[in-house]
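J.: Okay, so Swiss-Prot annotates it like this:
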TRANSMEM  32-49  transmembrane segment
TRANSMEM  121-136  transmembrane segment
BINDING   H121  chlorophyll a binding site
BINDING   Y129  pheophytin a binding site
TRANSMEM  145-159  transmembrane segment
SITE      Y164  site 'Tyrosine radical intermediate'
BINDING   E173, E192, H336, A348  [CaMn4O5] cluster binding site
SITE      H193  site 'Stabilizes free radical intermediate'
TRANSMEM  200-221  transmembrane segment
BINDING   H218  quinone binding site
BINDING   H218, H276  Fe cation binding site
TRANSMEM  278-292  transmembrane segment
Amino acid sequence: MSVVVRRSAAARRLWSWESFCQWITSTENRLYIGWFGVLMIPTLLAATFCFVIAFIAAPPVDVDGIREPVIGSLLGGNNLISAAVVPTSAAIALHFYPIWEAASLEEWLYNGGPYQLIVFHFLIGVWCYLGRQWELSYRLGMRPWIAVAFSAPAAAATAVLLVYPIGQGSFSEGLPLGIAGTFYFMLAFQAEHNILMHPASWLGVAGVFGGALLASLHGSLVISSLIRETSEEESQNAGYRFGQQEVTYNFLAGHYAFLGRLGIPSLGWRNSRSVHFWMAALPTLGIWAAAIGIGLMAFNLNGFNFNQSILDSQGRFIPTYADLLNRANLGIQAMHAPNAHHFPLLLAAKAD
């Protein structure tokens, strides 16, 4: 009798594990979880909770490592625009700095420990979300291009939050987690690396703007070439039935006939798949290029810098936009430099 009981208990445990696996990998759930979701959900929740608490009530952080803490929380006097989670202190550099590595919680907060906690958990969650997209596509029999497209913003987040601090030797150089902090990072990055003159930045701008142009063009042509299924008194939108197999707009009328007559007829699209491919490919390639550029400049492979101005045959200075850009970079570098505490000459003489 005892043998039968042990077998039934083992079978019950096996059934519960199998049911858990089926529930995790089921495509019938309202929200697909997947095995990547098992890791994604707790990491993103941890990053979100820590970010909200730090954004509201974090104490000042000695980000430059010179005993001049910077406060970024709302309770410290900031508003929603200026508030940010301040990066980990330069005194920590690239060391892994969990709570148990600090002597006290106050020390961990003073050195910007929450920034590392948020960044590491967030990046793990982002890449698990990418894996979850691939996993759901695989189980539904779809091709994996959704995950490939999402790899572009995932790579961009990894570049500014992890690769750039590693290349610069300190997490204090990472992106501050806030609105004004993001623009501060952009200005400091331009001053240090001249990203506006880097080919990867050019490719990124061309890809993102090209994708935006193509998306607005395609969307406007679709809305303008809807196939009417209703009377003149009713809206065309009322003729759509959810899940219908019939097409809802005339692709050739919009892209080939209308757009072809506005521009070059031979360049008018005849295939909707090619349009949607370029709508996905252009911004994906552009953001990939920008992420690669951040990775290159993290190790000081900077943009073009024309340090020597153009001179005419008589040696006279000819001003160009490159000179204006260099002057702007020098000005931003001066504002970005930490306070070195230069004492007045009188005090320095008395100290001697």
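Numbers here mean position along the shown chain, with the first residue as 1.
Placement of Cβ uses the backbone N, Cα and C atoms for every residue, glycine included.
Can you tell me where each of these features sits in the structure?
T.: H121 (chlorophyll a binding site) carries a helical DSSP state (H, G or I). Cβ neighbours within 10 Å of H121 (chlorophyll a binding site), excluding its own Cβ and spanning all shown chains: 20.
Other Cβ atoms within 10 Å of the Cβ of Y129 (pheophytin a binding site), summed over all protein chains shown, number 19.
Around Y164 (site 'Tyrosine radical intermediate'), the same-chain residues six or more apart in sequence whose CB sits under 8 Å from its CB are E173, G174, L175, I294, G295, M297, A298, listed in sequence order. Reduced to three states, the DSSP call for Y164 (site 'Tyrosine radical intermediate') is helix.
Following the DSSP three-state reduction, the secondary structure of E192 ([CaMn4O5] cluster binding site) is helix. Summarising the environment of E192 ([CaMn4O5] cluster binding site), the number of other Cβ atoms within 10 Å of its Cβ, over all protein chains shown, is 17.
Counting only same-chain residues at least 6 apart in sequence, those with a Cβ under 8 Å from the Cβ of H218 (quinone binding site) are H255, V275, H276, M279.
Residues 145, 148-149, 151-153, 155-156, 158-159, 200-201, 203-212, 214-215, 218 of the same chain sit 6 or more residues outside the transmembrane segment (278-292) yet have a Cβ under 8 Å from a Cβ within it.
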J.: Counting across all protein chains shown, how many other Cβ atoms sit within 10 Å of the Cβ of H336 ([CaMn4O5] cluster binding site)?
T.: 12
J.: Relative to the Cβ of H193 (site 'Stabilizes free radical intermediate'), which residues of the same chain, six or more apart in sequence, are found under 8 Å away?
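T.: The answer is M297, N300, N302, G303.
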J.: If we skip the immediate neighbours and take only residues 6+ beyond the ends of the transmembrane segment (32-49), which ones have a Cβ under 8 Å from one of its Cβ atoms?
T.: 23-26, 117-119, 121-122, 124-125, 128-129, 131-132, 135-136
J.: Here are the binding-site residues: E173, H276. Which has the lowest count of other Cβ atoms within 10 Å?
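T.: Minimum Cβ neighbour count within 10 Å, taken over the binding-site residues E173, H276, occurs at H276.
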